[in-house]
Amino acid sequence: MSQPIKRELRLALQMSLPFAGLLALLLYMTFLNMYASNDNSIMIQWIRGFFPLVNGAISFIGPFTILLFNKELTQNVRELVFNNKNKTRPDSSLQPARNNDNLLKTSKTIFALTSSHMSFSGKVPIKFTKKFSRTFFIRRDTSDFGKFEKTNTTSYQMPLVGYYVLYVLITPVYFLILVCILKLRRHVVMFKSTFYTILVQHSIADISALLFYAFQKVSYVLIPNFLFNYQRYRFAAVFYDGIYWSFVFRTNGIAFMTIHRFLIIVKSAHKITQVWENIDAPTIGTMENMGCLLDSFSNSQFTMLFQS
C-alpha cells in the first residue's frame, strides 16, 4: 500500500472517534427525550448530571485522534514544542520554513500564557484556597433548565469536576495543535488541502465551545447576582442558546470531515470529489457555516430569563 493511501486511511481513522462521539451524543439526547416524554423527573435530573462530559466529549477527543493518527502533524507539533527539527525526515515537502523563529517563539509565549491562565495561576485575582475549591467544584450546578429534585450529593457534581480537569489539560494542547496547523498552512502544500481547511474551522469551534462552557459555569459561581440583576442584557438567552450553537457548529464540522474522508477514499475519481478538492478556503467556510448560522438563529430562544 502506498504512503498517500496510508495517510488518507489514517485521516479517516482520525475521524472515527469524533464520529463515535456524535453517536454518543445522539444516544444521550434520545434517553433524555424518552424520560422527558414519560415525565420521569428523577432520571432526567440524573442524566443531566452527565451533561458536562457529554458536551465536552466531542471536543476533548479531537486532540487525541489528531496526535494518534496524524503522524505528519504530530511530528510538527513535537518540533514546535521542543524546537527540534528533524533534518533527516524523508519527505522534504513536509519541512516547514526555517525562517520563522519569531513566529515559533510567539506561539510558545501564547501557549505558556494560555496554560498559566487556564490552570488558575497566581495572576488570577482569586485565592484558590480549600474553601474556594469546595465552592467552585462542588457547588450545585445552577445551569440546568428544570429543577425537579434537590440533591446535595457530591457524586452528582463529579462529571462537572471531570470537565474542569479535562478542560485544563486538553485545551492548551488543542490550542497548540491549531497554532501548528495554521503555521504549516502558510508553507506546506499538503496542509492547504480541503480536509485541513475544515479541520481548522472545526478546531476553532471546539476550542470556542470549551471556553464558552467553562466561562458559563464559572460565571454562575462568581457573578450570579450580576447575571440575575442585569437580565435586560439577555445573559440567560446567550448561555442557553450558546450551548445549542456549539453543538451545531461542532457536529457540522465532524459531518463535513467524515463525508470528505468517504469521498476521498471511496469516490476519489468522482466529479464531486474533484470539485470539492478544488474549492478555496473562503468558499468552504461559507458552505460549512452558513447553514449552521441559519439553523442556530432560527431555533434560538432570545426571550429566555433566569428565574432564580
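Even glycines carry a Cβ here, placed using N, Cα and C.
With a cut-off of 8 Å between Cβ atoms, the residues of this chain six or more beyond the transmembrane segment (12-34) that come close are 44, 47-48, 50, 54, 57-58, 61-62, 64-66, 68-70, 247, 251, 254-255, 257-258, 261, 265. As annotated by TrEMBL, transmembrane segment applies to 12-34 (among others).
The feature transmembrane segment is assigned by TrEMBL to 46-69 (among others).
Annotated transmembrane segment per TrEMBL: 161-182 (among others), in sequence order.
Marked as transmembrane segment by TrEMBL: 194-215 (among others). With a threshold of 8 Å between CB atoms, the same-chain residues lying at least 6 positions outside the transmembrane segment (194-215) that come near it are 11, 52, 55-56, 58-59, 62, 163-164, 167, 170-171, 174-175, 177-178, 181-182, 185, 242-243, 246, 249-250, 253-254, 256-257, 260-261, 264, 276-277, 279, 281, 284-285, 288-289.
Feature annotation from TrEMBL assigns transmembrane segment to 243-264 (among others).
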